Every structure is written in C-alpha cells, then in structure tokens.
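In what follows, a structure is listed as structure tokens, so that the remarks can point back to it.
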Amino acid sequence: GSDIHTRYCMKLCFRALCCKGPPPPRPEYDLVCIGLSGSGKTSLLSQLCSESAENIVSTTGFSIKAVPFQNAILNVKELGGADNIRKYWSRYYQGSQGVIFVLDSASSEDDLETARNELHSALQHPQLCTLPFLILANHQDKPAARSVQEIKKYFELEPLARGKRWILKPCSLDDMEAVKDSFSLLINLLEERDFEPSRM
C-alpha cells in the first residue's frame, strides 16, 4: 500500500505548491496592430486600456500600449494607417507574436479594397504569415456597415488564409465585451502557439 500512499502524498504536495504563493506572472505577448487610418485602431485599444477616448488623434508613426487581460498582457504596437506610413509597416513587424487587423466595415469600396490588399500582404509577409491574426470588422454600429459574412467573402479569407490561424469578428465601441471576447480568442491562439514545439 505504500505506493498508493506515496502517490497520494505527491498529489497533496503538488496541490499545496500550486495553490500557495503569488499568482504566476501573466504571460506577455507582443502584437502588431494594423489597418487603414480611421478604421478605429486607437479608439479600440484605448477603450481596452480604459483610457478616455475623447481626445484621440490619428496615430502617425506608431504607439505602444500594454493592454491587460486576466490571463495575459498584450503589448500592442499600433502602426499608423495613413498612405505614406503604410509602406513602412513591415519595418515594425519583427518580434511580433500575433497580428490585429482592424478594418472599417462601413468604409467606401475603395478603402475596403485597399484594406483587403493590405491584409493580403500582411497574411503573406514572411514575418507574419505563421502568426495568429485577429481581424476586427469595426464600426458595426454604423448603418452602412457590411456584415462579417460579406467581409469574409470580399476579403477572400477562406482561400487565402486557409491553414492559417485567424479569427474574424464584428466589433464596435458600443460593445466592448464582445471586443474583449475576441481578444480572448486571440490569446487562446497565442497560448496554443506557445506550447507547440518550435519549428526550426
């Protein structure tokens, strides 16, 4: 019976070790956030950080925000989306562990096409192509907003992103709970990636 006793002790000790002491530090992930100007990147990130969204100015260059979640901290590098800045995006990709792509569901056809091209080049970029993507179809509260199904079709996500890990979710500042849920799904993908043996 001593074998069973030892196993029982080990279980107890293990439980004691797990439950006592300070909570383990939350993992931190470095993410890059891209999307055209006016897609709402800054407003969404500010809301997630519980900052006031009143005096938000368009991001030129880039800004970094640490966005706290219960089970992780996301260090988000948000890149400005203006025409003259987008060509430099790829300089900031290095070290990213995931990508947040924000698009304006209610934008003009032209802007949507530009957003589609930008998303396609990000999905195919050597530094990003293996990373999980969270694609947020923002401004769903606007009357002109296209549905997630329309966007999925228009952005040709099915053929293009097949085999990649991506999440496409509707969002608006009116429903930050849904935005947080979408980010939780992204954190799950980041955690899964952490546990995979690194591919050399």
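Glycine is no exception: its Cβ is also placed from the backbone N, Cα and C atoms.
Lifted from TrEMBL, the feature list:
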- GLY35, LEU36, SER37, GLY38, SER39, GLY40, LYS41, THR42, GLY81, ASN138, HIS139, GLN140, ASP141: GTP binding site (BINDING)
- THR42, THR59: Mg(2+) binding site (BINDING)
C-alpha of GLY81 (GTP binding site) to C-alpha of THR42 (Mg(2+) binding site): distance in Å?
11
For HIS139 (GTP binding site), just count the other CB atoms lying within 10 A of its CB, please.
24
Considering each pair of residues in GLY35, LEU36, SER37, GLY38, SER39, GLY40, LYS41, THR42, GLY81, ASN138, HIS139, GLN140, ASP141, all listed as binding GTP, report the largest CA to CA distance in Å, no decimals.
21
How big is the gap, in Å, between the Cα of GLY35 (GTP binding site) and that of THR42 (Mg(2+) binding site), rounded to a whole number?
10
Rounded to an integer, what is the Cα-Cα distance in Å between ASP141 (GTP binding site) and THR42 (Mg(2+) binding site)?
17
If you rank the binding-site residues SER37, SER39, THR42 by how many other Cβ atoms lie within 10 Å of their Cβ, the lowest count goes to SER37
Within 10 angstroms of the C-beta of LYS41 (GTP binding site), the count of other C-beta atoms across all shown chains comes to 28
When a 10 Å sphere is centred on the Cβ of GLY35 (GTP binding site), how many other Cβ atoms does it contain?
26
Across every protein chain in view, the count of C-beta atoms other than its own within 10 A of the C-beta of ASP141 (GTP binding site) is 14
